[in-house]
Amino acid sequence: MTKAIMLQGTGSDVGKTVLVAGLCRLFANRGVRVRPFKPQNMSNNAAVAEDGGEIGRAQWLQSLAARVPSSVHMNPVLLKPQSETGSQIIVQGKVWGHAKGRDYQALKPQLLGAVLESFATMRAGTDLVIVEGAGSPAEINLRQGDIANMGFATRANVPVVLVGDIDRGGVIASLVGTYHILPEEDRRMIRGYIINKFRGDVSLFGTGIEAIGGFTGWPCHGIVPWLKAAGRLPPEDSVVLERLARGSDGALKIAVPVLPRIANFDDFDPLRAEPDVDLVFVRAGERLPADAGLVILPGSKSTIGDLMDLRAQGWDRDITAHVRRGGRVIGICGGYQMLGRMVHDPLGIEGSVTETPGLGLLDVETEMAPEKTVRNSTALSTEYDAPLSGYEIHLGVTRGKDCDRPSTVIDGRPDGARSGDGLIMGTYLHGLFCSDAYRAKLLASFGLSGERMDYRASVETALDEIATELEAVLDPAWLDSLAG
């Protein structure tokens, strides 16, 4: 019989995603057939699953950790926040609808069937499913109709382990407070807890374990230290961008403006990992650095809205000055659309603004259309004759004279555009910097000739290191009970 366990948190960003990924790799290394599952995720960081639809990139990473093909059933409900139109709702990989926050609460019961169907699909033919909750089960104002935490756990009869983040402080109060605020029906689902992100001498927390046990009766399944290897994994949420280093001593400075609805920002992770690259995420209120050699406009869930915000920050003037100095610009997906002369949205897909001027750096125009392109792709860089692999997730069609100079050829068809002087490039392909050969040639064009890392291998190594650390600190009897 397939076993299942669910990790829920005392709050957001307590480390559930990394723990699920680490446990998936731990059990995969033991020969256990394991799969990840997250009933509901909210993120503009999406991936294209191998069966052809959208899921959160966190679940894609967890499938990599489990050494199984990714599937839309690993994340049956994905909410992608937009601008004034609320969130786009993806169900089992496909666009299901749009809703604002209050409206979505009323829609959740309609989605429970799809969630349970996907969970049954994930359980079939496997030994263990590791489920990740969202936010905190203690948000009792959202409990009615819940499909992300205890609402799912009680319906699917999946036991829960609570994760508390000691690094942010107040972990005892968070765990004990969750116990007291939950109704008895939900409390009965919890089988223990894990303390995450611990720094220092674990023995000093002994009285803390006694206190938590005294208040709740829950056993502690382990105290997990701060996992340094987690920093080498692609980040899941844009909130992580606030904590990333604001640059290093790398020879090439690359500037990325952090747009309000930035999407798929893990595109930049391979560049961040290169020691001779100084990757700077530019926040609201900051100027784009004048000494940057390259500016990259990221993907966006709301191209027109983010383009208007980019102008409000004055970044359009910074980018124009950058190009006049001979600087280069790359636009990815929504960032590519922003580089053109105009962005049209006659159907109001993104909102009430039906068109806005682009930055005018490429002689192209984009028209939003309801059909969404979602696919994994192999490609070739026309500029560097380098192989690429990545994925496309976008609305809209881009046309214009500069498309006669495509930046890439994706599955045999031209994609993207380049300016006549070669300074400006746009593409719809996400993940291009993960391709080691392309990244090496791009950096070499800036005079960086150092040996390049194998990015995929570095992620695999990080997952193995996390699995090894978890095996050393988590309760062996608890792990064995899940493996057996």
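Note: Cβ is positioned from N, Cα and C throughout, glycine not excepted.
There are 27 other CB atoms within 10 A of the CB of CYS333 (active site, nucleophile), with all protein chains counted. Residues annotated as active site, nucleophile in Swiss-Prot: CYS333.
For the recorded site, HIS430 (active site), the DSSP three-state label reads strand. Per Swiss-Prot, the feature active site maps to HIS430; the stated evidence is sequence analysis.
Taken from Swiss-Prot, the feature domain 'GATase cobBQ-type' applies to 251-438, supported by sequence analysis.
In the three-state DSSP reading, CYS333 (active site, nucleophile) counts as coil. Rounded to a whole number, the C-alpha distance linking CYS333 (active site, nucleophile) with HIS430 (active site) is 7 angstrom. For the domain 'GATase cobBQ-type' (251-438), the predicted model reports an average pLDDT of 96.
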